[in-house]
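Engineer: Encoded as structure tokens, here's the structure I'll be asking about.
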Amino acid sequence: MEEGIKIAGLDEVGKGCLFGPVFAAAVMLNNSSENQLLDAGLKDSKLLTKAKRAQLFPEILKLADNWGIGQASAKEIDSQGIRKATEKAMLRAIHKLTIHPSLLLIDGSLPLRLWKGNQENLIRGESKSPAIAAASVIAKESRDQVIKRLAKQFPGYGLETNVGYGTSNHRKALIKSGPTQLHRKSFLSKIIFEDS
């Protein structure tokens, strides 16, 4: 991080899922940790293999100056809508930082309406900012780990592989067995009626 400017990269994962919480991560890197992570292969998490994301995850946690993870539950998503719930997850991630950022770099085009500090939105931010790329890996790995643990409690939905996304098998399981208490009811009516 440049002296005086404390930048946090911010990204979310799981907005489009049918099951479970939406996650967000905030990551602060310095020039040295940025270079080390880029040398280790850090880039847009969607372009990384599962194995590479899993390899980078502990490296990011170790090398980052600061990081925080936040989430918003399926219940919050259903009651408040996905945008507000995603913003809450992002704020929770920011509030877990022990260093207050002077600037947020946020992946995507939507501003964080609940944040009163400086922020900049970057479309395809994961490919433009190492801090956002690191945040995307942290958010993705953290959410996937939680969903894979929950898959044991809710068998039959393929959560161990689809991690809550609306795959064909997941939708078929919803039609056959109905939703669990961790499914996003506000996301399901169209899917269940369209596919049945």
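Backbone N, Cα and C atoms are what each Cβ position is placed from, and that goes for glycine too.
Remember, TrEMBL labels are computer predictions, not curated facts.
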Engineer: In TrEMBL, the residues ASP11, GLU12 are said to bind divalent metal cation. Which of ASP78, ASP107 is said to bind at that same site?
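Structural biologist: Looking at ASP78, ASP107, the one TrEMBL places in the divalent metal cation site next to ASP11, GLU12 is ASP107.
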Engineer: Around the divalent metal cation site (ASP11, GLU12, ASP107), what further same-chain residues have their C-beta within 8 angstroms of the site's C-beta centre?
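Structural biologist: So the additional residues around the site are LEU10, VAL13, ALA24, ALA25, MET90, ILE106, GLY108, GLY125, GLU126, ILE132, ALA135, SER136, ALA139.
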